[in-house]
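Visitor: Quick one: structure below, then a few questions.
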There are 2 protein chains.
Amino acid sequence: MTPLGGLGDVGRNSASFEINGQRLILDCGVLFPDENHPGVDLILPSLHLLGETLDDISCLVLTHGHEDHIGAVPYLLRRRPDIPVLGSRLTLAFLREKLKEHRIRNVDLREMEAGSRTTMGEFDLEFLAVNHSIPDALAVLVRTKAGTVLHTGDFKMDQLPLDGRLTDLRGFARAGEEGVDLFMVDSTNAETPGFTTHEIDIQPAMERVFSHASARLIVACFSSHVHRVQQVMDEAVKAGRKVVYVGRSMVKNMTIAAQLGYLKVPANTLIALDDIDKYAPKDVVIVSTGSQGEPLSALSRIANHEHPIITAGPGDVVLLASSLIPGNENSVSRVINGLTKNGVKVVHKGNALVHVSGHASSGELLYCYNLVKPRNVMPVHGEVRHLHANAELAIATGVPRENAVVVEDGTVVDLHDGKVAVVGRLEADYVFVDGSTVDAVGDAELDERRILGEEGFISAIAVVNLHTGELVEGPIITARGFIDEEGIFDSISAEVAGGLREALADGAEDTYPLQQLMRRRLGRWVSKRYRARPMIVPVVLAT
Amino acid sequence: MTPLGGLGDVGRNSASFEINGQRLILDCGVLFPDENHPGVDLILPSLHLLGETLDDISCLVLTHGHEDHIGAVPYLLRRRPDIPVLGSRLTLAFLREKLKEHRIRNVDLREMEAGSRTTMGEFDLEFLAVNHSIPDALAVLVRTKAGTVLHTGDFKMDQLPLDGRLTDLRGFARAGEEGVDLFMVDSTNAETPGFTTHEIDIQPAMERVFSHASARLIVACFSSHVHRVQQVMDEAVKAGRKVVYVGRSMVKNMTIAAQLGYLKVPANTLIALDDIDKYAPKDVVIVSTGSQGEPLSALSRIANHEHPIITAGPGDVVLLASSLIPGNENSVSRVINGLTKNGVKVVHKGNALVHVSGHASSGELLYCYNLVKPRNVMPVHGEVRHLHANAELAIATGVPRENAVVVEDGTVVDLHDGKVAVVGRLEADYVFVDGSTVDAVGDAELDERRILGEEGFISAIAVVNLHTGELVEGPIITARGFIDEEGIFDSISAEVAGGLREALADGAEDTYPLQQLMRRRLGRWVSKRYRARPMIVPVVLAT
């Protein structure tokens, strides 16, 4: 078993299980880049660890439809579209839409219901319902000749779920009685004390907002959070407001969810954005993307008065019904500030109970460990701190410390006779998607971007004649992202020219030392004079 | 009265009060840049609004010694070092150190005690004690012929302060009875419900850490938080550990604080970092900077195994005794992950009560408004959301809505006959310090940095002869921060060369259209082929 991603990060979840020359891939998601990956669009799991051919893959199993679990599937299937993909109905519906966008056809998608069991080569698979912040999520019980693995996927244990679909703790208990050799458990909230609040507990805040809003009302939430949208929908009906979806992914996902029956849309409730002007602001609720302050999202554009259709001002209310993903604090704050400045009242998790997490907190995880009583535990899905916190929970319930293995992406773990052992370590490097390229941009380019983005660059171009020893032209010195005042390079330009002439007179036979000379002189000058370290880009052309 | 900074941001606090041709400047701090200001070192208040000459400034009043209140003083005093600077003893001691670093001499620093009163030209000043996350903070009562202003500075109302120095609510009450025309109030925590926890309430967590730590113990906190360090010091004495300061600003500030008596250092407690190896890890506590995950700080270097002297591993404990400044979540998480990975136990605000805020929460602010009963209120120090939340608190206590003025930096506010009116608006642009330059880098350069940092650049250089219509050399196409694979520019290079030759054959008389041709062709190619938009930097040299 080798984690291909998600152990050390919140994202790019993927794991490979190997037995007798066959592989099962569990989830294949993306990681969203942070400030350490400037310009990168997506980060993929280390699929290169699967080797040159993908012929040994028996199946891909998906636990649920979030991007960090299915977002990288196209990058796997475009190499071998015939891999059977197993998942729940909603998960596969979201995937189907994604594959369409990637123009991947003739795929083999197999719908699995919670409670069902099937065999794929060496793998005997049983699917168990779990609840999460998206409907139709599954845990997976993988029985093999080498032992039994229970993988929770992302989950929580809401005991009053809105759709009545409980996490199948009976199934967990049954698996435990049968014997679970390796329990792989969602670590996202392992540091959070106590229990995750019920989804239904945000109802009062939601009702309050609807009853107090007398003009325009906008609710922003994750575009896959069907239950959250259902809550808004229900309140809208009570309040006599029509519902409008805003944001491409919101429209797409909610349309799918409604078609498949996961979202109940009462008749005459939904209207199209184009028709919004036919209704008074007080008769509509807008359900929007942009709860993380994404600069191009509908909500950010509304906050900046840049949305072509929707405006929000004094008397209007915006409800941010979502968590704050770490790293997004500043952008969310910018949206709140923008809206507040326009006179909009903003209700958010800082001032009301308007969001609950989709992940089990430490209290719930303890229940799980006690119910399953696994032989070995491997925390998954989280940063190192979360994985360790989760391991400590397992140990607190009696799992021996040596059987709670905290490993990172690329670690090869063997399960043999009910014992888990680390047997190797592969380089599980990030794979960057940048524009239309995959793995074409790497750490070297990101290092360059970091310097360019912090300090800009100074370029110096000179044309020389190596035969006559003449400086034909230049140096022409220009800068971008650096102070670019008229004449600031005059003195250093003359100095560099002098240096070049000297070197040429000394019989330089090559452009390389001349470039180095320009780099050195400019670098020293800019560092001394401006305490700055822009990238120096010297080019010497020899005619 | 004109705010020069701090109204719309948490930082660069500064305000200018004008009467009869005289000015009082209250605070002069810096704002720390975020991801929107790549490469910028500091952001200064809009001191340019003070005009060409600074001759009309009667005095600079400092409320306390935090960087966001005193950090920009050198940039003001280097233009007029003789401005009298009034502040408390510790504030001026911190400032003196800063001015030394900036080589600003012959300054006129005047120590003011809490409770004292003095006149500076048109301004009658009274200083009132407030408590905050640094000792010796002051509120200021400014009496003028136009009316009386009470400015809280940054403050909270800890009723059990560690040093026994209470916020002078009697003074606030007295000012209120006399009549406060304008009450300027710290907004930082105006959104926070209830009351800020007492400093003393973190004692149990601190004790627990000291009693459980059996090996190395590192406490990271803000380097100006004298009381936090005092708590560590007291626990260290009880536990029989020596104390070592790590980090330049920690050493500097705590040395000053001890010299002036704000920090009580028991004999034989403090040791130098160089002597740390003479003691067993369990006999020392390290007090370190880096609680915000600053990459170059001691703590980050310890987490990355890069510190020359200190290591931390299994069995060791790190206590992050500080808040998390929004925007620093990722970097702090990186430090926690790094330490956790090394086997260190990390105690932080997420898993223990190890920090309390330095600012009054909404509950305390209500007390203030009721005690002072001001005629007009102007929330200061905070983002727009905080200013608005603070205004709502004032209004809730009975201040008429039209008298609670939420304004932003640069708004000119007049106080006349006890009435406040907005009379103008100046451009309160950010002033960037970058390297050794002030205001040399502006929005245009930051825009370029943003493009360069996200996408890199492609440069294309060609040498042409406009007389003969010949393409002498090039185009030489290179990239930085962009895919730089062997040969990727071959085809486009040939295409651009063809375009240049055609344009030259058509009789191009100037290099400009040739540069535009290169920019267009390359831009189109890279956008179509890679869905990327790097900066295109074309240079055509004519010989």
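Glycine too: its Cβ is placed from the backbone N, Cα and C atoms.
Just so you know, TrEMBL annotations never went through curation; they're auto-generated.
Note that this is a predicted model, so its numbers are computed, not measured.
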Visitor: With B:His64, B:His66, B:Asp68, B:His69, B:His132, B:Asp154 listed by TrEMBL as binding Zn(2+), identify the candidate in B:His355, B:His381, B:His386, B:His388 belonging to that site.
Guide: B:His381
Visitor: According to TrEMBL, B:Gly39, B:Asp41 bind Ca(2+); which one of B:Asp417, B:Asp429, B:Asp434 is annotated to that same site?
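Guide: Answer per TrEMBL: B:Asp434.
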Visitor: Whole number in angstrom, please: the longest C-alpha to C-alpha distance across B:Ser223, B:Ser224, B:His225, B:His355, B:Val356, B:Ser357, B:Gly358, B:His359 for substrate.
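Guide: That value is 17 Å for the farthest Cα pair.
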Visitor: Using only C-alpha positions, which one of B:Ser224, B:His355, B:Ser357 is spatially nearest B:Asp154 (Zn(2+) binding site)? These are the binding-site residues in the record.
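Guide: Given the candidates B:Ser224, B:His355, B:Ser357, the nearest one is B:Ser357.
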Visitor: Using the CB centroid of B:His64, B:His66, B:Asp68, B:His69, B:His132, B:Asp154, B:His381 as the Zn(2+) site centre, which other residues of the same chain sit with their CB within 8 A?
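Guide: Checked against the 8 Å cutoff, the neighbours are B:Asn13, B:Asp27, B:Gly29, B:Thr63, B:Ile134, B:Ala137, B:Gly153, B:Asp186, B:Gly358.
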Visitor: Are there residues of the same chain, six or more positions away from B:Ser223 (substrate binding site), whose CB falls under 8 angstroms from its CB, and which are they?
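Guide: B:Ser223 (substrate binding site) has long-range Cβ partners B:Gly247, B:Ser249, B:Met250, B:Lys252, B:Asn253, B:Met254, B:Thr289.
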Visitor: For B:His69 (Zn(2+) binding site), what is the secondary structure by DSSP, using just helix, strand and coil?
Guide: helix
Visitor: Consider the binding-site residues B:Ser224, B:His225, B:His355, B:Ser357, B:Asp434 and say which one has the Cα lying nearest the Cα of B:His69 (Zn(2+) binding site).
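Guide: So, of the listed binding-site residues, the one sitting closest to B:His69 (Zn(2+) binding site) is B:Ser224.
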Visitor: Can you give me the Cα-Cα distance between B:Gly39 (Ca(2+) binding site) and B:Asp186 (active site, proton donor) in Å, rounded to a whole number?
Guide: 29
Visitor: Determine, to the nearest whole angstrom, how far the Cα atom of B:His64 (Zn(2+) binding site) is from the Cα atom of B:Ser224 (substrate binding site).
Guide: 11
Visitor: Inside 10 Å of the Cβ of B:Ser357 (substrate binding site), count up the other Cβ atoms and send me the figure.
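Guide: B:Ser357 (substrate binding site): 15 neighbouring Cβ atoms within 10 Å.
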Visitor: Given binding-site residues B:Gly39, B:Asp41, B:Asp68, B:Ser223, B:His355, B:Gly358, which are under 8 Å from chain A when comparing Cβ atoms?
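Guide: Out of B:Gly39, B:Asp41, B:Asp68, B:Ser223, B:His355, B:Gly358, B:Gly39 lie under 8 Å of chain A.
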